[in-house]
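For reference, the structure discussed in these notes is given below.
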Amino acid sequence: MSHKIQGGSVVEMQGDEMTRIIWELIKEKLIFPYVDLDLHSYDLSIENRDATNDQVTKDAAEAIKKYNVGVKCATITPDEKRVEEFKLKQMWKSPNGTIRNILGGTVFREAIICKNIPRLVSGWVKPIIIGRHAYGDQYRATDFVVPGPGKVEICYTPSDGSPKTVYLVHNFTESGGVAMGMFNQDKSIEDFAHSSFQMALSKNWPLYLSTKNTILKKYDGRFKDIFQEIYDKQYKSQFEAQNIWYEHRLIDDMVAQAMKSEGGFIWACKNYDGDVQSDSVAQGYGSLGMMTSVLVCPDGKTVEAEAAHGTVTRHYRMYQKGQETSTNPIASIFAWTRGLAHRAKLDNNKELSFFAKALEEVCIETIEAGFMTKDLAACIKGLPNVQRSDYLNTFEFMDKLGENLQLKLAQAKL
């Protein structure tokens, strides 16, 4: 390349353990040699989050709000063991949750597909992108054990002082049982709808919302009605212009349809459905190491991309002992490419758009040419049958990607 591409403003969040090492390699070998970025870096390592009382996470989220593009390395969400290991002041919350709460928006997961990596669902030749509405429902519910016979009622008391409304949930006559009250908010459902419609337009794929509105006529019916109203008023003409569509589906029909389909659609799920189906779909494609995660805000303008996997602690322990590792960097690389592609779209930067696409193609072409990490070799041959000659180690694979990217960009005469 005769010159560096001017990339614009990007917020970068460093992470923990093996993914932190890979993150630095990605910047050094694949990004910085070709792209000149106005980079705003935040160290989200567990040590720095502890040192700053997690203020660094909030600062990073505010920076994403300002610059509209964030790329994030995987981070540790501490449990009791981690609190002990790092002598933390407290059990800090998930950085992803903190960022999502500040930005709003919906998390969309998408599989990265290579022809030579077998899929459990062989018919899925295109990704299925799942958008999970990560607010409310069972996750904010009040549930309790009903100790014995009696009535369970739900009461709504209007804040304007008008009469309250009481609904009978169940009259327990012979014994107790269990009960739950859950909720969602129109504003949150509206934001979920906008993020989903924006994602469909950007991918140029159809969108399906799944609910069980035949049973939960009012509750799930509200999701269905809000989506339909927003679609008809604000998105229908854009969808038709792009020759894509939006449809509501019953969750059981949708699950069956997804299994039979070839992929190539966005699936908007309520909170619990999204929790379950995103893992089920991820497994169907074969590997979490090949799964991207993108937070899309309702404005369609603000995006944060990351890998859908963790910090790969087991490999980091090996790395610390000086042992060889073969850690898959693909999802972390795609966090960068998705972030840069969005930056390119916002700025109408054709060179940057080409670069992001070229780097994604290099990743897939390299694997399809037989150069891969151990986890992918295991997908093909089965772990007990994998020999050392079947895969590259962490650093060899990054070098191979670097070589192939250099070749591709030279051929393109950028």
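Positions of Cβ are set from backbone N, Cα and C atoms, glycine also.
Swiss-Prot lists Thr75, Ile76, Thr77, Arg82, Lys260, Gly310, Thr311, Val312, Thr313, Arg314, His315, Asn328 with the feature NADP(+) binding site. Around the Cβ of Thr75 (NADP(+) binding site), a 10 Å sphere holds 25 further Cβ atoms from the protein chains shown.
The feature substrate binding site is assigned by Swiss-Prot to Thr77, Ser94, Pro95, Asn96, Gly97, Thr98, Ile99, Arg100, Arg109, Arg132, Lys212. Within 10 Å of the Cβ of Ile99 (substrate binding site) there are 23 other Cβ atoms, across all protein chains.
Residues annotated as Mn(2+) binding site in Swiss-Prot: Asp252, Asp275, Asp279. Residue environment of Asp275 (Mn(2+) binding site) contains 17 other Cβ atoms, counted within 10 Å of its Cβ in all protein chains.
Per Swiss-Prot, the feature N-acetylserine maps to Ser2.
What Swiss-Prot records for Tyr42 is phosphotyrosine. Around Tyr42 (phosphotyrosine), a 10 Å sphere centred on its CB holds 22 further CB atoms from the protein chains shown.
The Cβ of Lys81 (N6-acetyllysine) has 8 neighbouring Cβ atoms from other residues within 10 Å, across all protein chains displayed. Reduced to three states, the DSSP call for Lys81 (N6-acetyllysine) is helix. The feature N6-acetyllysine is assigned by Swiss-Prot to Lys81 (among others), with similarity to another entry given as support.
Annotation source Swiss-Prot lists N6-succinyllysine at Lys126 (among others). Cβ environment of Lys126 (N6-succinyllysine): Ile113, Glu262, Gly263, Gly264 lie under 8 Å away, each six or more residues apart in the same chain.
Residues or ranges marked as N6-acetyllysine by Swiss-Prot on the basis of similarity to another entry: Lys224 (among others). All chains included, 17 other C-beta atoms sit within 10 angstroms of the C-beta of Lys224 (N6-acetyllysine).
Per Swiss-Prot, the feature N6-acetyllysine maps to Lys233 (among others). Shown in sequence order, the list is empty: the chain has no residue 6+ apart in sequence with a C-beta less than 8 angstroms from the C-beta of Lys233 (N6-acetyllysine). In the three-state DSSP reading, Lys233 (N6-acetyllysine) counts as helix.
Within the same chain, no residue at least 6 positions away in sequence has its Cβ under 8 Å from that of Lys321 (N6-acetyllysine). The annotation N6-acetyllysine is assigned in Swiss-Prot to Lys321 (among others) on the grounds of similarity to another entry.
The phosphoserine feature in Swiss-Prot is assigned to Ser389; the stated evidence is similarity to another entry. Under a cutoff of 8 A between CB atoms, and with a sequence separation of 6+ in the same chain, Ser389 (phosphoserine) has no neighbours. Taken residue by residue with DSSP, Ser389 (phosphoserine) is part of a helix.
As annotated by Swiss-Prot, N6-succinyllysine applies to Lys400 (among others). The Cβ neighbour count for Lys400 (N6-succinyllysine), using a 10 Å radius over every protein chain in view, is 17. Under the three-state DSSP scheme, Lys400 (N6-succinyllysine) falls in the helix class.
Under the heading site 'Critical for catalysis', Swiss-Prot lists Tyr139 (among others), citing similarity to another entry as support. DSSP assigns Tyr139 (site 'Critical for catalysis') to a helix. The Cβ of Tyr139 (site 'Critical for catalysis') has 11 other Cβ atoms within 10 Å, all protein chains considered.
All protein chains shown were included, and the count of other CB atoms within 10 Å of the CB of Lys212 (substrate binding site) stands at 16. The site 'Critical for catalysis' feature in Swiss-Prot is assigned to Lys212 (among others); the stated evidence is similarity to another entry.
Distance between Cα atoms for Lys81 (N6-acetyllysine) and Asp275 (Mn(2+) binding site): 25 Å, as a whole number. According to its DSSP assignment, Lys126 (N6-succinyllysine) is coil.
Fewest other C-beta atoms within 10 angstroms, among the binding-site residues Asp252, Asp279, are seen around Asp252. Taking CA atoms as the reference points, Lys260 (NADP(+) binding site) and Asp275 (Mn(2+) binding site) are 21 Å apart.
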